[in-house]
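Chemist: Sharing the feature lines straight out of TrEMBL:
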TRANSMEM  B:25-47  transmembrane segment
TRANSMEM  B:54-74  transmembrane segment
TRANSMEM  B:80-97  transmembrane segment
TRANSMEM  B:104-126  transmembrane segment
TRANSMEM  B:146-165  transmembrane segment
TRANSMEM  B:177-200  transmembrane segment
TRANSMEM  B:206-224  transmembrane segment
TRANSMEM  B:231-253  transmembrane segment
TRANSMEM  B:259-278  transmembrane segment
Amino acid sequence: MKIFGAKSAPADAEAVPPPRNAPRHVVLRVRGGALQFGDRRLWHDLDFDVRSGEFIAVLGANGSGKSSLLKVILGQQQLSAGTMTFEGSPVTRGNRRIGYIPQQKLADEGAPLRGRDLVALGVDGHRFGLPLPRAARRREVDDLLASVGASEYANVAVSTLSGGEQQRLRVGQSLAGNPRLLLCDEPLLSLDLAHQRAVSELIDTHRRQRDLGVLFVTHDINPILDMVDRVLYLAGGSFRIGTPDEVLRSEVLSELYGSPVDVIRTRGRVIVVGVPDAGHGHDGHHHHDDDPGGNGNTGSTAPVGGPRS
Amino acid sequence: MNGIDWSDLWSQIFNFSDYGDLVVLLQNSIIAGAVLGIVGGLIGVFVMSRDMAFAVHGISELSFAGASAGLLFGVGVVEGSLIGSIVAALIIGLLGAKSRDRNSIIAVLMPFGLGLGILCLALYPGRSANKFGLLTGQIVAVDDPRLNSLIAISIVVVVGLLVIWRPLTFASVDADVAAARGVSVQALSIVFMLLLGLAVAVSVQVVGSLLVLSILVTPAAAALRVSSSPIVVPLLSMLFAVLSLVGGIMLALGGSVPISPYVTTISFAIYVICRIIAASRVRRGVSGRKAMA
C-alpha cells in the first residue's frame, strides 16, 4: 500500500541504481584541491565533480579531512591549492544555494525554540531584525515541515524531540532557500537504526525530487549503501572516487591506506577491517564521543560499516 | 530579653504610612525599575539560550569593582560600573568562545573583581551606606541625571537587541548551521557581550551586583518553563522582570531594608509558580503535539 505517492519512485529505484543520464549539470567542481594545516597534509590533487541529483558518500578514517572538505565548500576554510567552484563561480561564505545538515546534537533546554522555529531559521535566520509573523513566511515554513513529515511536532519544543525528529527538522531547515547542493556532516550519528533509515531516505527522496547534489560525510556507509551513486574515499592524503563497487574493494583501499585492508561484503553490508590508526590528527571536525559505529582509535575497527547489524 | 521584637521587625520590612508621599518622592526609582525590567527580561532570553548565567554574575562583580573604583577616584559610580562591565564582557567574549573556557575565565575574573571592589570601598572615606548599596542595591539614589543615563543606556540595549534579534537567535541556538548560512557568529557574540555589559551595568545600580541574576536570568528562566514560543517567552520574561522590580520597589518604599530582598523574592516566587505550572502540564500529558489523522 502506498502511503506517500512521492516516496514510491525512490523506493523502486533503490533496487537498480538510477541511470546517470550522461551530461548532467555540474553543481560543484574541485580541481587540484589540497588542504594543509602546517605540516599536515589532509589531501591533495583532489579532482571531482558533484552533479545535480547525484548522491556522493564521503568516507575515510577520523582525521582524513572529510569535515574540512565541507568547511571549504562552505567558504569557512581556504584551499591550500587548487580551485573549487560552485555553480561556475568560486565558493563564497554563506551561499544560500548550499544547504547544510550537521550531526544531531540534543538541543539546549535554555532556548525558546519549537520545531517550526528551527525550520524558520533556515528561511530567514540570517537576516537582521525581528522574526515578524508574515503569511508568506508561515506558508513556506509549513510547506517545509510537511515535506519532511514534521508537521505533527511543529509547535513542540525542540529540546523535547527525539534525535530522529530533530534531524527531520534539520533536513527541512536545509531545504529552505531551494539549495542546489546539500552538505551532510554525519547526520545519522547517534540515531538508532530505524531513524538512520528514515532520515537518509528523506534526504534521498528530496535529492531526487529537487535534483539536488548531495555530499554525505559518514563513517558508516551501510545505512545509505543502496542510495549512493558514488563514494569519495579520503585516506593517506589521497583519494579514490567511483561507485561503491569500484572503491570499496580490498585492493583499492589497501593501496590507498598503504597497508593491507580487507573489505568484506556480507548480507548486503560492507565492513572494512584492518584500517591503520589515523592518529589524533585534528582536522577541525567534531568530537564523536558518542560514535555508535565503534569507530574509535583501536586501529582495527571499520570506518565503513560498524559492527552492528 | 534578647529576642526579636516581631512587630518592630514587621514595620521595618513593611511600612506603608505616608505611602502616597513616598511614591511621589521615589517615582524615579519606580520608573528605573520598569525600564530595567524591560531590558533585563529581554536580554535574559539570550542569556539563557547562550547559557551565560554565570557570565552575567562574573560581569556584575567586575561592574562592582568598576563602580567602587569610580567612587574612590571620584570618576562616578555610573561611569565606573559601565567601564568595569564592558571590560569584563569583552574579556569573556573574546577569550571564552567555548563554554568550558568561558566558565574558567569567569571563575578567575570574578574573585579578582570582588577583591578589587572591596579594596576600593575600604579606602573610600565616605558614607558606608553607599558602599553597601553597590552590592545589594539602593533605592533612594536614582536622581534625574542618573535616571536619564539609565534610560539612554537601556534604549541602546533594547534597540541593539531588536536589530540583531534574528541572526543572534540563529547563532545562539544553532551555531554550526548559522555559520554555514553566512551568519557572522563571532561578531554577533562580541556585539551581544557589549550589550550584556551595558545591561549589567545599569542593573547593578538598582539591584546591586550580587543580585543582578534575579532580573537578568530568573525571569527568562521562569518564562522558558511555561512556553517555548520565541514570541511568548521574551514577552513573559519582560513582564516577570517588571513585576519583580516595580513590585519590589513599591513594597520596599516604607521599610528600612534594601530593595533587593523584595525584588529577588518576587522573582523567585514567579519562577517557582512557573515550575509548578510546567510540572502539572507534564502530568496532564500536554505536549503540543498534534494528533495526526
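Glycine is treated like the rest: Cβ placed from N, Cα and C.
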Chemist: Does the structure show the transmembrane segment (B:104-126) and the transmembrane segment (B:54-74) touching, where I'm treating 3 or more Cβ pairs under 8 angstroms (sequence separation 6 or more) as a contact?
Modeler: yes
Chemist: State the non-local partners of the transmembrane segment (B:54-74) in its own chain: residues 6+ outside its ends, Cβ under 8 Å from one of its Cβ atoms.
Modeler: 47, 80-85, 87-89, 92, 96, 102-103, 105-107, 109-111, 113-114, 116-121, 123-124, 126, 130-131, 134-135, 196-197, 200-201, 203-205, 209-210, 212-213, 216-217
Chemist: Does the transmembrane segment (B:80-97) come near the transmembrane segment (B:177-200), with 3+ Cβ pairs under 8 Å (pairs 6 or more apart)?
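Modeler: Per Cβ check, the transmembrane segment (B:80-97) touches the transmembrane segment (B:177-200).
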Chemist: Could you check whether the transmembrane segment (B:177-200) packs against the transmembrane segment (B:259-278) - three or more CB pairs closer than 8 Å, residues at least 6 apart in sequence?
Modeler: no
Chemist: Near the transmembrane segment (B:146-165), which residues from the same chain, at least 6 beyond its ends, have a CB less than 8 A from one of its CBs?
Modeler: 28, 31-32, 35-36, 38-39, 42-43, 46, 78, 82, 188, 191-192, 194-195, 198-199, 201-202, 205-206
Chemist: Taking residues 6+ outside the transmembrane segment (B:259-278), which of them lie with a CB under 8 Å of any CB in it?
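Modeler: Here the qualifying positions are 29, 136-139, 206-208, 210-211, 214-215, 218-219, 221-223, 225-226, 240-241, 243-245, 247-249, 251-252.
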